[in-house]
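Q: Below, the features straight out of TrEMBL:
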TRANSMEM  20-39  transmembrane segment
TRANSMEM  46-70  transmembrane segment
TRANSMEM  76-97  transmembrane segment
TRANSMEM  136-159  transmembrane segment
TRANSMEM  171-188  transmembrane segment
TRANSMEM  195-212  transmembrane segment
TRANSMEM  218-236  transmembrane segment
Amino acid sequence: MTREERRGMRLEALRAAFPLTVPIALGFLFLGCSYGMLMGTKGFSFVWPMCMSAFIFAGSMEFVTVNLLLSAFNPVAAFLLALMVNARHLFYGLSMLGRFRGLGWKRPYLIFGMCDETFAINSSTRIPDGVDRGWFYLWVTALNQAYWVTGATLGGVIGSNLPFDTDGLEFVLTALFLVIFLDQWLGAGTGRRGRVSAVVGVLASLACLVTFGPDDFMIPSLIAMIVLFVLLRPRLDDLHDGDAEAAAAAGNDEGDEGKETTR
């Protein structure tokens, strides 16, 4: 393959990938800017959010890291918190192993840069005929990270240099996790397992907050949730099976009604 052919292959993949990432760009630029501004108001240079967004690239964890950097060094708490916040990425990686097979040097970066939005595009998009699979995945991943790094850097510059009232900006992190929680709650639909799991997590956190106080409840609440989910797993699996059977029965009923209408 000539140099011009390789260049054309890359550009074709970029043209296919870019439109799919535009909606993500809007969200990443805004949320990344909020993160950078938060870092700036805490006294960090814009270099910090720029480098953290480039080398960590885990939005929720980056917000959490702001408080970790300002608190006493506790590697165990940081490890457990990072594991809980980003545990879902383990399943993203497992489901993409087949798609990433044979992609050579691109594969390590694709694994590193697989955030929620990138996974959603790469796992669900039917790649157009004639578009190189590896370059399509690479462009989606690189563009999404570029949006996040750009937003975080701009926010860091603004937060460090422009004088304005930043009271309440810390609530961005709380709002982020509330939105994630509500999205998962609504995404569960009528599924009982997802909602029971959410309620268990909230109640465990509240109990530990009351018991240990706001400064020391994080690790106990994480441990409590893990223990409760392990103990309740058989029951949660039963709920999942029941929901699946109910959904299948509802689908069959709709099919029967459709046949009757046709007759």
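Cβ atoms here come from the backbone N, Cα and C positions, even for glycine.
Quick caveat, the model's predicted, so the values are computed rather than measured.
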Q: Other than its close neighbours in sequence, what residues sit by the transmembrane segment (195-212), given a CB gap under 8 Å and a spacing of at least six beyond its ends?
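A: For the transmembrane segment (195-212), the nonlocal Cβ contacts are 181, 184-185, 188, 220-221, 224-225, 228-229, 232, 236, 239.
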Q: Under a Cβ pair cut-off of under 8 Å, which of the recorded stretches 20-39, 46-70, 76-97, 218-236 contacts the transmembrane segment (136-159) most often?
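A: That would be 20-39.
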